[in-house]
Amino acid sequence: MGNADLRDLAAIDEVPFDDLSGSVVAVDAHNWLYRYLTTTVRWTNDSIYTTADGEEVANLVGVVQGLPKFFEHDITPVFVFDGSVVDLKDDEVAQRREDREKREERLEEAREAGDELAVARLDSQTQRLTDTILSTTREALELLDVPVIEAPAEGEAQATHMAREGAVDYVGTEDYDALLLGAPLTLRQLTSKGDPELMDFEATLDEHDITWEQLVDAAILMGTDFNEGISGYGPKTAVKAVREHGDIWTVFEAEDVYVDNADRIRDLFLEPAVTDDYEFDREIEPDLEAARAFVCEEWEVAESEVERGFERIEQSVVQTGLDRWT
DNA sequence: CTAGCCTA
DNA sequence: TAGGCTAGG
């Protein structure tokens, strides 16, 4: 059960990067990293990103190559990291474990068969956010003076909270769940080539003439990260049912369907664990020498892989620094 | 309309 | 992962 159904409900528009100039984006760090890891490592030789000790640090390449995108458009990123894993994901967790085991099996087979292309591809899919990846990312961001915030639970929920409070302008994530969490404005595709997509929460509710609670209820009927969803309920049917009957409980009653733990799932979206205990500085003054040393010397990333990224950071930060005085 | 399959 | 296509309700 993907979130493709949710996309159909969402009010989404393209937004030119220029319109985002001067804004602050709370980036779902795990989501961002995961995207970089799966796209950076795919099709490439992973020895470039592996230290002599066998630690995979492709994330550092991702950080150095990914940040210029923000700086060059005068956007301040604030990276929000996940805290403890949220409960109740049993189904999803079990499914992912199953998928991963399958991939690892196939990876073994490909290795034995000497199919290098398949190995590289499967390798990227088995990538996970290891402790090393998370801690080196944090440290690299700190050296580059990019704000880092620790969420009590899900980073996406914390980022959304900050956007709802007005502490940041946008949430940055590929995940449509941000809509269910009530993120007012969500930016997608911040990592890819073209202009980003803007997902508008209020416009979404307006379009379907439903409340936040009803949107969440419809999503539960269609299926979320936390539940399977009921067969036969796509975007149209789910929204219609919720609008007609009021909420998910009356839908259960009237249409003789049921989802386990619906009340708890609802709360995960409507009242997630978040904190007001955060602060950050929008001025970014990277210590490029220290960052270079950290990435290339301490973690042995080939200079050729990050040279251009560091240059772009240097230029874009100097550039925006000058802008402020003119 | 939805689900499932397939491809780019 | 997104979008198109199709069978089936």
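Using N, Cα and C of the backbone, Cβ positions are placed for all residues, glycine too.
Note that the coordinates shown come from a computational prediction; the quantities given were computed from them, not determined experimentally.
Feature annotations, courtesy of TrEMBL:
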- A:Asp28, A:Asp82, A:Glu154, A:Glu156: Mg(2+) 1 binding site (BINDING)
- A:Asp175, A:Asp177, A:Asp225: Mg(2+) 2 binding site (BINDING)
- A:1-103: domain 'XPG N-terminal' (DOMAIN)
- A:142-210: domain 'XPG-I' (DOMAIN)
- A:318-326: region 'Interaction with PCNA' (REGION)
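Remark: secondary structure over the domain 'XPG-I' (A:142-210) totals 24 helix, 14 strand, 31 coil, with classes taken from DSSP. By a simple count of nearby Cβ atoms, those within 10 Å, the most crowded of the binding-site residues A:Glu156, A:Asp175, A:Asp177, A:Asp225 is A:Glu156.
Among the binding-site residues A:Asp28, A:Asp82, A:Glu154, the ones whose Cα sits within 10 Å of the Cα of A:Asp175 (Mg(2+) 2 binding site) are A:Asp28, in sequence order. Within 10 Å of the C-beta atom of A:Asp82 (Mg(2+) 1 binding site) sit 21 other C-beta atoms, taking all shown protein chains into account. Taking only the Cα positions, the spacing between A:Asp177 (Mg(2+) 2 binding site) and A:Glu154 (Mg(2+) 1 binding site) is 11 angstrom. According to DSSP, A:Asp82 (Mg(2+) 1 binding site) is assigned to coil rather than to any helix or strand. Within the group of binding-site residues (A:Asp28, A:Glu154), the Cβ with the highest number of other Cβ atoms inside 10 Å belongs to A:Asp28. Here the CA atom of A:Asp225 (Mg(2+) 2 binding site) lies 13 Å from the CA atom of A:Glu156 (Mg(2+) 1 binding site).
In this structure, A:Asp28 (Mg(2+) 1 binding site) is part of a beta strand by DSSP. A:Asp225 (Mg(2+) 2 binding site) is 16 Å away from A:Asp28 (Mg(2+) 1 binding site) when you measure Cα to Cα.
Mapped onto three states, the DSSP output places A:Asp225 (Mg(2+) 2 binding site) in coil.
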